């Protein structure tokens, strides 16, 4: 009797869908199934017609878009030329990860489910729609969905007779085995090579851009450190447009790397090679050189300073021999213990490294071979580009808010990427940051006469600085910017640049300084005040309207203000105003890019 193979394919932007896919993979192994777990874009989608059992785990990003690592797959699957019954031999299931506070909740999973049905696939169970807003987090949906999935799957694909499932407390084999080398290899290939081909840089072949400028732009007395950072991209073949984003992968802080190596008794100067334990495992991670140093692995690959996920505790528990630690780890791994885990880990934003120090007995039992199972890979971060190549050739500039805040824990919490970037001092010698560029979700009109209205409070102004520089250089003068911040004297970014451009007739600037007077004034108040100007630009001159910034209340408040403008100046009912906004969104005349 053959052992059935389950294929788990994921589309993941921040690593959560990947983590869930790997969890399903481990559950399959415990149920004695053969399993392969792969990112959708590394899988050869032409083979889908010959698979028998597949689970798709996919996140939804931005405005209902598929994650970067499933875009190729997405284009292929929606080809008109695919025959209607091409997947009729496939049993499958779709699990979506999303957040119901966004309008296009789990859009990708829903659309994928429909498309697979159209292509004749047999769905084992309804699409799972996990929601970050659920009281128990996304597990509130994932856990019951998986129970139901395994019931259906194991009745259709029973495990080989006589083989009992592997118990939860037993260790599964690690994905890779470490082989330490006795001496340092001759040629060190870890430092970045400049890609010699003419192709633009990618995530696997980033361009080492030199940091040429890194300066604080908020007043020294202001609580928030915001940086203007500039990179030299000469010779990189990078082209970008306003609205595009630059991607980079941060490094772990030197003190964290040192502490981690001490805890696990690792020598950062040692080199190793990896071999997969199972022939069906995808090859060694492409970003790890072979041979690789422990320092490179811990500094640039393992995400040791992230808040660990439940899967981390599940694996850690299998190493615990100390009774107290083991009980706690099992509680954190269980469905009932998710509240306790949330209070211990998520609420105070405790890092994986701090968890290891809290469980010293278990940490001392850890086997090095499991490091890649325990820690996810550091994910790239994206920043809106805040400059235009027309005004700053061979440069990329960003506006970076350094993340730092207090929780119950003694040490302040720090954002990994923002702290790392803020610490790079170009005056202390040459520093290179590996980066690449991808298309953003905002696009600006081609027609020189089309006005552009931009609402970008705080660092949300970054993509609009790029757009205004570009449009001014092309002679497009109809630019209106609403900028908001706390105080005119403390966090008014790019002030002198705006003043020069207003002087030159390149733009109109409307500001809102929320804390400079008794009553708080925000950008949405200014939008209402400027109703005549906005109505004229939108109704007569077909202006485009943009919002960028923090996703808390601001985007909704600005939309409400805009609908009030339509009602007041256009004599519309509430419903008509909403319809007008929807119509603008459909045609791309209303666009927003928000982040939480």
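Here the Cβ of each residue, glycine as well, is placed from N, Cα and C on the backbone.
TrEMBL annotations: computationally assigned, not manually curated.
Quick look at what TrEMBL annotates:
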BINDING   12-17, 59-62, 97-106, 132  FMN binding site
BINDING   349, 381, 382, 383, 384, 415, 416, 417, 418, 595  FAD binding site
BINDING   459, 514, 515, 520, 521, 522, 523, 524  NADP(+) binding site
DOMAIN    6-150  domain 'Flavodoxin-like'
DOMAIN    204-445  domain 'FAD-binding FR-type'
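Feature map: annotations from TrEMBL on the structure.
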{"residue": "59", "record": "FMN binding site", "CB count, 10 Å": "27"}
{"residue": "99", "record": "FMN binding site", "CB count, 10 Å": "18"}
{"residue": "382", "record": "FAD binding site", "CB count, 10 Å": "18"}
{"residue": "384", "record": "FAD binding site", "CB count, 10 Å": "25"}
{"residue": "416", "record": "FAD binding site", "CB count, 10 Å": "22"}
{"residue": "514", "record": "NADP(+) binding site", "CB count, 10 Å": "16"}
{"residue": "515", "record": "NADP(+) binding site", "CB count, 10 Å": "13"}
{"residue": "520", "record": "NADP(+) binding site", "CB count, 10 Å": "12"}
{"residue": "521", "record": "NADP(+) binding site", "CB count, 10 Å": "17"}
{"residue": "523", "record": "NADP(+) binding site", "CB count, 10 Å": "25"}
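Counting every protein chain shown, the number of other Cβ atoms lying within 10 Å of the Cβ of residue 12 (FMN binding site) is 23. Computed over the domain 'Flavodoxin-like' (6-150), the whole-number mean pLDDT of the model equals 90. A distance of 9 Å separates the Cα atom of residue 384 (FAD binding site) from that of residue 459 (NADP(+) binding site). Counting every protein chain shown, 19 other Cβ atoms lie within 10 Å of the Cβ of residue 102 (FMN binding site). Annotation for residue 522 (NADP(+) binding site): spatial neighbours 457, 484, 512, 514, 554, 557, criterion Cβ-Cβ under 8 Å with sequence separation of six or more. For residue 15 (FMN binding site), the Cβ neighbour count at a 10 Å cut-off comes to 18, with all displayed protein chains included.
When the C-alpha distances from residue 105 (FMN binding site) to the binding-site residues 349, 382, 416, 459 are tabulated, the minimum falls on 382. In space, 459 is the closest of the binding-site residues 12, 59, 459, 520, 523 to residue 418 (FAD binding site), judged by Cα positions. Within the set of binding-site residues 382, 416, 520, the entry lying nearest in space to residue 102 (FMN binding site) is 382 (CA atoms).
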